[in-house]
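So that you can see what the record holds, here are the features copied from Swiss-Prot:
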type	residues	note
MOD_RES	G1	N-acetylserine
DOMAIN	2-146	domain 'Globin'
MOD_RES	S44	phosphoserine
MOD_RES	K59	N6-acetyllysine
BINDING	H63, H92	heme b binding site
MOD_RES	K82	N6-acetyllysine
MOD_RES	C93	S-nitrosocysteine
MOD_RES	K144	N6-acetyllysine
Amino acid sequence: GFLTAEEKGLVNGLWGKVNVDEVGGEALGRLLVVYPWTQRFFESFGDLSSADAIMSNAKVKAHGKKVLNSFSDGLKNIDDLKGAFAKLSELHCDKLHVDPENFRLLGNVLVCVLAHHFGHDFNPQVQAAFQKVVAGVANALAHKYH
């Protein structure tokens, strides 16, 4: 696999402490605030007029929760991310035409949110391992483009 045994240990150790539902909503919300052009995929979600509106939007929270639960499932198949995300890749790429760059942006935002939540526990080694994971997931999601 692309992660060492040690890196897998770091990732799983931290992930076990993550409140997936909460962090998912925060990560997707921040994506929409920090990179406003990503909002065009979520026009049906209602009020996205300000940072506060986005962060408290129930549909954003619900989709963020869904996104991070899928990410969580992917971590269980860390050595076959392409297989784990094949269906979601098809949906986002073929049906929704999401630019794969957005998957990378969301991965980077997720890393920021984890750093924010875990402080000292999110040390450089943990960050490096997670950065590999989010890059791997983004590549798996972009797979249908290649």
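Placement of Cβ uses the backbone N, Cα and C atoms for every residue, glycine included.
There are 15 other CB atoms within 10 A of the CB of K59 (N6-acetyllysine), with all protein chains counted. Broken down by DSSP into helix, strand and coil, the domain 'Globin' (2-146) contains 119 helix, 0 strand, 26 coil. On the 0 to 100 pLDDT scale, the model's mean across the domain 'Globin' (2-146) is 87.
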